[in-house]
Each structure stands twice: as C-alpha cells, then as structure tokens.
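Pulled from TrEMBL, these are the features on record:
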BINDING   G34, L35, P36, A37, A38, G39, K40, T41, G81, N137, K138, S139, D140  GTP binding site
BINDING   T41, T59  Mg(2+) binding site
Amino acid sequence: MSDLVSQLMRSWTDLMDWLYGMFFQQEMDLSILGLPAAGKTTLVTLISRNEMIEDRIPTRGLNMQKYSKGGVTLKMWDLGGQANFRAMWERYCVGASAIVYVVDAADSEKFALSRSELHDLLSKPSLAGIPLLLLGNKSDLPAAVKSEKELAEIFDLASLKGREVCAYSISARNRTNIDITLQWLIAHSSKKS
Ligand SMILES: Nc1nc2c(ncn2[C@@H]2O[C@H](COP(=O)(O)OP(=O)(O)OP(=O)(O)O)[C@@H](O)[C@H]2O)c(=O)[nH]1
Ligand SMILES: [Mg+2]
C-alpha cells in the first residue's frame, strides 16, 4: 500500500515538473573550469548521463553536456584545464549564469596554482558578479581536504567580493554531495528564458 502511495507521489511530482517545464522553461549556461584532472568531465558526465567514466581522456578544447529537471536545463560547458586551453576560459564564462570551479582536493601541491588561476580569471571585469561555486572534488580519497571552511580559506574565497560564492566538498566517484551541488546551481544561477 505504501509502495503504491509513494509511486503515486512520484508520478505526481514528475507530472508537476513536466507541466512546470512546459510553461517556465529556463536555460542556464554554466562554465565548468579547473586544472587538468580535477574531475570536471567526470562530474559533468555523472550529472548529465548518470554514468561514471573511468578512462582518463583530457578534454581538448571544450565539450557541452545538458541536464534538465523540471523547468530548468543546465548547459554545462566543460572546458579543458591544460595551460593552452585556459586562455579561452574567460571567453566561455562571459554571460554564464554561474562558474563552477573544480579542484582536486587531494592534490595539495596544485592548490597554489589552482587558486591563482581562479583569482586571475575572476579579476576580469567582463566576469563581474557571476556566481561562483567551488567544488573540492575527490573527497573519497584519504588525502582530500573535506572541510568546506578549509577549502574556502585555501582558495581565499573571502576576498572575492560582489558575487555569490560557495564551496562544497564532493566526490564525483562516490556521488557525494551531487544533489546539493545541483540544488545550488538551480537556485543561485541567474534566470534566462
Ligand atoms: N578518486 C576520485 N577520482 C576522480 C573523481 N573524479 C574524477 N576522478 C578521476 O580523476 C581523473 C581526471 O578526471 P577528468 O574528469 O578527466 O578531469 P578533467 O578535470 O576533466 O581534466 P581535463 O579535461 O584534462 O581538464 C580521472 O582518472 C577520474 O576518474 C573523484 O571524485 N574521486
Ligand atoms: Mg575534462
């Protein structure tokens, strides 16, 4: 009986999501950035296809994958992290609803470089005011910094003024905190019809 009730509730929620989507469809462009091997493509593939990719294939240039729920479609622009691709990060962030900056929270040797790339990017006047979500990925690894407060300190997020800023500890591999990540993106991205 309770199975039937929960199934009916799910169908009702799906119907409401679909109806809402028919009338209030919104599309958001998200730029997913970070140093090589931070886990950007892994995360984006998990969100859009619910698949965990194991092969390490560095992104050359960019690729785009979508995720839709209810009336919201997230267009996730996954940009390559190698030095020669970083030059185009700014171009793909202009006009974005939010910037998602992924760091390998277990690779402390790269924190300084990752922080300076983040701050260089966000100092561009063309990107003023765009919300930032910093994701400390690979929380499944023992060496990972898992405290969100510590991540915010390491990446000096307090100095970023004039925009929404948040940090979450996640694991794309273990699917940890992916739900709150999606909630933040949907709630904090500026709305575009
Ligand atoms: N342990 C662990 N490994 C992960 C996690 N997410 C990604 N990885 C691994 O990290 C490596 C790099 O992942 P990618 O998603 O290709 O990294 P990327 O940020 O897209 O890298 P570029 O495209 O080169 O900029 C792969 O071997 C992934 O399997 C995670 O949450 N935990
Ligand atoms: Mg990639």
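The backbone N, Cα and C atoms fix where each Cβ goes, glycine too.
Unlike curated records, TrEMBL annotations are generated automatically.
The separation of T59 (Mg(2+) binding site) from G34 (GTP binding site), Cα to Cα, is 12 Å. Largest CA to CA distance in the GTP binding set (G34, L35, P36, A37, A38, G39, K40, T41, G81, N137, K138, S139, D140): 22 Å, whole number. Of all the binding-site residues given, namely A38, G81, K138, those whose Cα is no farther than the 10 Å limit from the Cα of T59 (Mg(2+) binding site) are G81. If you take the C-beta of D140 (GTP binding site) and look for same-chain residues 6 or more apart in sequence within under 8 angstroms, you find S171, R173, N174, T176.
Ranking the binding-site residues G34, P36 by the number of CB atoms within 10 A of their own CB puts G34 at the top. In the structure shown, the C-beta of T41 has more C-beta neighbours within 10 angstroms than that of any other entry among the binding-site residues T41, T59. Between the alpha carbons (Cα) of K138 (GTP binding site) and T41 (Mg(2+) binding site) lies a span of roughly 13 Å.
With a cut-off of 6 Å between Cβ and the nearest atom of ligand 2, the binding-site residues G34, A38, K40, T41, T59, G81 reduce to K40, T41, T59. Same-chain residues at least 6 positions away in sequence with a Cβ under 8 Å from that of G81 (GTP binding site) are, in sequence order, L33, G34, L35, P36, A37, A38, K40, P58, T59.
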